[in-house]
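A.B. asks: I'd like to ask you about the structure that follows.
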Amino acid sequence: MSQPGGTFDIVILGAGSGGYAAALRAAELNLSVALIDKAELGGTCLHRGCIPTKALLHAAEVADQTRESEQFGVKADLVGIDMAGVNAYKDGVVGRLYKGLQGLMKQPNITLVQGAGKLVAQDTVEVDGKKYTGRNVILATGSYSRSLPGLEVDGKRVLTSEHALKLDRVPSSAIVLGGGVIGVEFASVWKSFGADVTILEALPRLVAAEDEEISKTLERAFRKRKINFKVGKPFEKVEHTENGVKATLAGGETVEAEILLVAVGRGPTTKDLGYEQQGITLDRGFVITNERLHTGVGNIYAVGDIVPGLQLAHRGFQQGIFVAEEIAGKNPAVIDENGIPRVTYSDPEIASVGLTEARAKEQYGADKVTSYNYNLGGNGKSQILKTAGFVKLVRVNDGPVVGVHMVGARMGELVGEAQLIYNWEAFPEEVAQLVHAHPTQNEALGEAFLALAGKPLHAHS
Ligand code: NAI
């Protein structure tokens, strides 16, 4: 597609979650937009992240349900995993969403530009020798899979999540380096598909950013699922063996497997894009902004994974909407980073919003914080699904709930109410008045609030 260049209200570099959300909101506000990307519209989340991984996780759930169907009195045999079929299903989901997104972008206020852009002036992005000038510029160039010094990703035995999404077979065994979100999600998928999995995590626990009790419950569930993990020891090196790889941990312990997935975080894509030359401040590659996402240079803003904080698509969406409204003079409310919901789609699922108990105690004082755990064992729908876990509430005494943490099957679906509770600063006594449908898993959240308000129903006080 050849564009003549031109002048726009906003030039956006990067058409992933942050960039395309900014474009759509700006167009609604009657601003003209040039949306530039060297790859596909939709970015990492749609093509190489959230969507395809969640399709794999759903296929994994179907495999587990089939394998374990007899506990529900249903007889079925799991004959095998046809990766070509799984990938066709996954690619079909991505393809339909991609088509829908392309349709949304076909509007007079948005000019899509295909090509690698570079910031060449404070108001100009150059693509293939053509200049796109913006009264405002939004940087939204996203992130890439990080590796470690000395760890060479070859895409065959040592993979990033991008490679792992394209595997045409189920590996017989896998080492997952990093027990964060990507690590536990892929470990969960591969185990469900029949692989022997070992997670290596340098920190003392899996999903270390979550509340400590959540980590413990996930670890217990993973042990039960026979997912191996070694925590508290950093990884030292990986070597190729005849049939795969051998990883060595600090202290000398080794683990062998067919493949190794590197899941040690994602770095910001900000190199060689002209950002520093135009005076933008980078910190370890991340673009520094104020709370209104302005870089302090010209009319340049930044959104999404290049801005320090949670690297989540829905944060990118909200930041994109925020900046479009800011540019349109609508003075939107600053986004509370703690109010952004977080979901890890492993089996069991983890969902949380707000502060962990430890963070709340740091912030408000240990004697000013109360927490309450409602065990899913008392929840009818969770019993029906045969899942274990809990809902944990963290409240400031005589004040609102400042943290909601959940672990168990399908807990991701409860995070919607949890984020309203956090962001509306609800008191337990207020939520306890509201009715939760029976029997739903959502009721577990209601029960936790009843208990915290001093009137438990299906729980002891
Ligand atoms: P992460 O930051 O969640 O986890 C990386 C893990 O690797 C950390 O626990 C870290 O301690 C560990 N690690 C680092 N160096 C190590 C070493 N030398 N040896 C052993 N362990 C080491 O990053 P991850 O999982 O790669 O995900 C990247 C980003 O993508 C995250 O920000 C995440 O939020 C996002 N994402 C979100 C998903 C979701 O919302 N469901 C799904 C997948 C990714």
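Numbers here mean position along the shown chain, with the first residue as 1.
Heads up, the Cβ atoms here are built off N, Cα and C, so glycines get one too.
According to TrEMBL:
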DISULFID  Cys45-Cys50  disulfide bond
BINDING   Gly178, Gly179, Gly180, Val181, Ile182, Gly183, Val184, Glu185, Glu201, Gly265, Asp305  NAD(+) binding site
DOMAIN    340-448  domain 'Pyridine nucleotide-disulphide oxidoreductase dimerisation'
ACT_SITE  His438  active site, proton acceptor
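Help me picture these features in the structure, burial and contacts included.
C.D. replies: In this structure, Cys50 (disulfide bond) is part of a helix by DSSP.
Counting only same-chain residues at least 6 apart in sequence, those with a Cβ under 8 Å from the Cβ of Asp305 (NAD(+) binding site) are Gly16, Gly18, Thr44, Gly142, Ser143, Arg266, Pro268, Thr269, Gln311, Gly316.
Annotation note: His438 (active site, proton acceptor) sits in a coil segment as assigned by DSSP.
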A.B. asks: Go through the recorded positions Gly178, Gly180, Ile182, Glu201, Asp305, His438 and pull out the ones with a Cβ less than 6 angstroms from some atom of ligand 1.
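C.D. replies: List returned for ligand 1: Gly178, Gly180, Ile182, Glu201.
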A.B. asks: Quick one: pull the CA-CA distance for His438 (active site, proton acceptor) versus Gly180 (NAD(+) binding site), whole Å only.
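C.D. replies: Given the Cα positions, His438 (active site, proton acceptor) is 34 Å from Gly180 (NAD(+) binding site).
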A.B. asks: Summarise the domain 'Pyridine nucleotide-disulphide oxidoreductase dimerisation' (340-448) by DSSP state, stating how many residues are helix, strand and coil.
C.D. replies: 44 helix, 31 strand, 34 coil
A.B. asks: If you count Cβ atoms within 10 Å of the Cβ of Gly180 (NAD(+) binding site), leaving out that atom itself, what do you get?
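C.D. replies: Total other Cβ atoms inside 10 Å, all chains included: 21.
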A.B. asks: Per-residue pLDDT averaged over the domain 'Pyridine nucleotide-disulphide oxidoreductase dimerisation' (340-448) comes to what?
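C.D. replies: Mean pLDDT, the domain 'Pyridine nucleotide-disulphide oxidoreductase dimerisation' (340-448): 97.
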